[in-house]
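What follows is one structure encoded as structure tokens, with my remarks underneath.
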Amino acid sequence: MPTESGSCSTARQAKQKRKSHSLSIRRTNSSEQERTGLPRDMLEGQDSKLPSSVRSTLLELFGQIEREFENLYIENLELRREIETLNDRLAAEGQAIDGAELSKGQLKTKASHSTSQLSQKLKTTYKASTSKIVSSFKTTTSRAVCQLVKEYIGHRDGIWDVSVARTQPVVLGTASADHTALLWSIETGRSLAKYTGHVGSVNSIKFHPSEQLALTASGDQTAHVWRYAVQLPTPQPAADTSQQLCGEDEVECSDKDEPDADADASSDCPTIRAPLTSLKSHQGVVIAADWLVGGKQAVTASWDRTANLYDVETSELVHSLTGHDQELTHCCTHPTQRLVVTSSRDTTFRLWDFRDPSIHSVNVFQGHTDTVTSAVFTVGDNVVSGSDDRTVKVWDLKNMRSPIATIRTDSAINRINVCVGQKIIALPHDNRQVRLFDMSGVRLARLPRSSRQGHRRMVCGSAWSEDHPVCNLFTCGFDRQAIGWNINIPALLQEK
């Protein structure tokens, strides 16, 4: 049997590589080829080592992807043409739209009421229709400096929630699946007290607005109110850590560097074993709890599909909030008004209004396609919701029909938290990342994560501390640690 020489074999391999490269270029530019009349059969006739059935499937899938992007591109062009047409009409009456936002210049003439309605409708329609394209490609425009300051290690299982005390002394609280809650010195990272009154996973922790009281929710179907008294240790000189710019190219790391559970930093701290008050009436896991403004009442959210409002002093059930179709995932109270928001696996979150004692109204927000993992109040009349559908939405309580901003991410989102003063949203993700966005949906930063710093498993929660001079953001995760960060966002970005 004849054999090929070495030079012929090399030439044949080079030719095959050129054919393969040519095929990839043709496939990338398939839309151009179709418009110039290049038949599909010529592409399918190229040499390939893939089985014909696999190759046919790939060609069909790439074609579907191409058609989808083409449809989105055409839709975007049509919307922009419509904006230009309507913009000309509105400009004659003193109002114009530039992209998705109203002009910031002074209006030369007063627009009529109908014109204002039209411009608002156009603004909302444009944002909603183009968010599929625009939101995913917003780039990080800040030079934010995110520096890891302190790690809080002592739990023996994952940490579900983190919170910062609102009264002096300012301490950090963590709630863990190891059935305990710990209080920490923010400056030294030492545990100051351990609460062991629950017999199930501790799922959330919140501090009283004016007293040294903590409220914890647990898998044992109860919520506990307990008092703490701690003395802060003298801070030690902090280790010199270099600042790190937040970017999108940090090194990935494995789980092998998790904190050692045997190094139990909480073993020698005082233990609180019994609550002042136990709130009981749920028939399932209590997943979250929070204080109402004033601190005399508390609300709990449970997997039994209800939220309960309690009088803390008497432990009496005041109201049982029903209406969700599936398990609740979170609850949050307004800092200054008697408002409660509950989120659920039924893809909705509900706003409960207790400002009028005789009327307890409820509003249902429908905008997500998967479990709403949390919904929190911000400054003014806004609510921010996060979901397993990988989106975060900002809502105006005065207009519940559609969100005023949508953030699209690459991973499910857990318990979000908003820095009220700077209007920054912290998004903890299933994929171990923590990203920061502003209220309009612009990405500001991603917290650094490498083999030596950052979370090594799912990040479960976050909490801002606007008054602390060093650590102003805390995160916790299923790697059994909480982390304190110093976030420095240029002031220019906050002038919005």
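Glycine too: its Cβ is placed from the backbone N, Cα and C atoms.
In TrEMBL, the coiled coil annotation falls on 69-96 of the listed ranges 69-96, 405-432, 461-488. Checking TrEMBL for region 'Disordered' across the ranges 99-132, 235-268 points to 235-268. The helix, strand and coil residue counts that DSSP assigns across the repeat 'WD' (195-226) are 0 helix, 18 strand, 14 coil. The repeat 'WD' (321-362): residue composition by secondary structure is 0 helix, 26 strand, 16 coil, according to DSSP. Across the repeat 'WD' (152-194), DSSP helix (H, G, I), strand (E, B) and coil residues number 0 helix, 21 strand, 22 coil.
Within the model, the coiled coil (69-96) shows a mean pLDDT value of 77, rounded to a whole number.
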